[in-house]
Each structure stands twice: as C-alpha cells, then as structure tokens.
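According to TrEMBL, the protein has these features:
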type	residues	note
DOMAIN	72-91	domain 'Helix-hairpin-helix DNA-binding motif class 1'
DOMAIN	107-126	domain 'Helix-hairpin-helix DNA-binding motif class 1'
REGION	146-198	region 'Domain III'
Amino acid sequence: MYEYIQGKVVSRHPTHVVVETGGIGYFLHITLQSYDQIREGIEQKIYTWLQVREDVQQLWGFMEPAEREVFLHLISISGIGPNTARLILSGMTPEECRQAILTDNEIAFKQVKGVGPKTAKRVIIELKDKMLKTAGDQLIIKAGGSKHQAMAEALSALITLGFIKSHAEKALNQITKEEGFDLPTETLVRMALRLLSA
C-alpha cells in the first residue's frame, strides 16, 4: 500500500521513528540497522511495509529496499513474526543474513532470542533457493568469501564468450549449489559451458 514515506524525522528510538509529512506524523517500527542510518531533524526517505491483522495495523520502516526484502522473506517462515525478524536484522545486516542462509549458518540464527534450532533450520531450508534465485551473482560472490574472485571471473568470462548474463548466473548458481563455492575459475567456466551447451 505504501512504498515509502519521505518526510522530516521528528523523533527516533532504537525500535521506532516518527516521520512527519503533509502535517501527519507516521510511527514506523524499525531495526537497529535502520536506526543507525536515520538522523533526527532532517528529511529522509524510509521504505515501508504495512502489517495488517485483525487486531493491529503497524507500519514498518527500512532505510534500504534490500532490508525490507529480507524482512519479508523472514516473516514468511512459520514461527517468525515481525518482531523476531526485527531482532534478526538488528543483529546482522541484510547481506550477512543472506550469507548465513546461503552458507547454512544455523548458529547465526540460533543466537537470536526467540529463534530455536528448528526455526533456524527452517529459515535456511525455506529461503536458500529464494536467496539464490533473487540475488543473482552478487550474493553468490559475497557468500563465497575468499572465492568471490573466481565467481566474478567466471561470470565475466561467460559473458565475454557471448552468453546472456542471466543464463550464465543460473548456470553458476546451479554449480555452486551442487558443488560448493571452492571451485577455481577455470573449473567453474568449464562446468558452466557444459550446462549452457546442453
């Protein structure tokens, strides 16, 4: 319903912010990540999500669309509501959250209050494919840690060879999903060529 609200930040707190625009003050729930980027007394654009239930309507605010995207993925998991998703994203950046999912790092989620072992496992199982699908090469490059150079070089090589970027990304996604992130550039390119030529 609301994509974003742009207005003057009247007050801020680690869990919420009030933004005034058009003579109306909007109370938005936020994460610590967003809190760190919000400055009181100046005009800012805050991306939003409206939570609607029978008993409550709440606006949630995010300084980056990427944070909102990860937040919405998290609350799609049974056992994770907006408050738990806020705790997760207050303890790690959206990128760190994505990397934790892509690298099966259950511990990162189990450290969050209210997230038990079963829920942590569910987050990874249910969101891993979504993260791979929506993130493209950027997430895989970062999730690969020290191997990001090999991924970037392989993608660049495939594009230079005339393959469409989205097709090359899909092939690399499939390879890393099956083989992991520890392959050198030449192996990645060879395997991708086999997939793309099939």
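Every residue gets a Cβ built from N, Cα and C, even glycine.
Unlike curated records, TrEMBL annotations are generated automatically.
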Just to confirm my parser: what is the rounded mean pLDDT across the domain 'Helix-hairpin-helix DNA-binding motif class 1' (72-91)?
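Over the domain 'Helix-hairpin-helix DNA-binding motif class 1' (72-91), the predicted model scores a mean pLDDT of 91.
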What does the DSSP secondary structure composition of the domain 'Helix-hairpin-helix DNA-binding motif class 1' (72-91) look like, as residue counts for helix, strand and coil?
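Tallied per class, the domain 'Helix-hairpin-helix DNA-binding motif class 1' (72-91) gives 14 helix, 0 strand, 6 coil.
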